[in-house]
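J.: Next up is a structure, given as structure tokens.
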Amino acid sequence: MEFGAKGQKKPKPIDVFKNVKGRYTGLIKALTTDVEELYKQCDPEKENLSLYGLPNEQWEVNLPAEDSPPGLPEPVLGINFAREGMEQKEWLSFVAYHSDSWLLAIAFYVGARFGFGKAERKKLFDMINDLPSIHEVVIGVPETQQKEKPTVPNQSKNKSKPNASKRASEPQGMLTKLQQKYEDDDDEEDDEEEEDKEDEEEWGIEMDVEEEGGETLCGVCEGKYAKDEFWICCDHCETWFHGQCVKITAATAEYIKQYKCPPCSSKRSRSHFTEY
């Protein structure tokens, strides 16, 4: 059922839920079974794109609606630009939680438009809330939300006390593991330095480009820093870039935990893509 037609009768909560559930099913399909096609369609070279779930349980990647204001709330804009600076799992998580918020926006926009009362809004929310979120389906339930095993009263009385020598050995075992971890990290850093050299040759980008006076330059165009422009720094090679040179906006950057520039992410993006 589509909403917005002139003279349309007031829908019931179940009608809105069916519309939302169709879109929900399409979005999950895009982010799971069709993820390879979704990744391909979200080309960073194209204009701002959005992921739409359709009432018929299908999905599409498209430009935003030209109508202003639109007939329904719009999904997040620019998912193709965000794809370039994120690992695939992180990008899927980003799209998933924005898709969850978009579906709720549609549901309660329709409810407000057609004058749903408190009981109708609650019924609609309860039906939607009974579904797992898109983020939970795509990424999984966070450990903090998983149910803890119930404890049995007085059960501890029947248990023997932990062995003191075992408790004493645990910290030493933890220190050994930490030491091994740091040694492994040092080895990884050596490997990454070699990869940086290869990336510089492949992309023609000089990492940490600076003038003699210490002024930072863009790693792509080598333009000078200006206060009125948005810049972003690669967390891997620590090179600075104009946002427009790497197609990252200030709004998109807020959702990127660790940014990797094109040369740093190109080789890794292919390997990450095969894992999910």
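All positions are counted from 1 along the displayed chain.
Using the three backbone atoms N, Cα and C, a Cβ is placed for every residue, glycine included.
Note that TrEMBL annotation is computational and uncurated.
In case it helps, TrEMBL gives these features for our protein:
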| type | residues | note |
| --- | --- | --- |
| COMPBIAS | 152-163 | compositional bias 'Polar residues' |
| COMPBIAS | 183-207 | compositional bias 'Acidic residues' |
| DOMAIN | 215-267 | domain 'PHD-type' |
| REGION | 141-207 | region 'Disordered' |
J.: Restricting to the domain 'PHD-type' (215-267), report the mean pLDDT as a whole number.
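T.: Its mean pLDDT is 81.
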J.: Going by DSSP assignments with H, G and I as helix and E and B as strand, what are the residue counts for the domain 'PHD-type' (215-267)?
T.: 10 helix, 9 strand, 34 coil
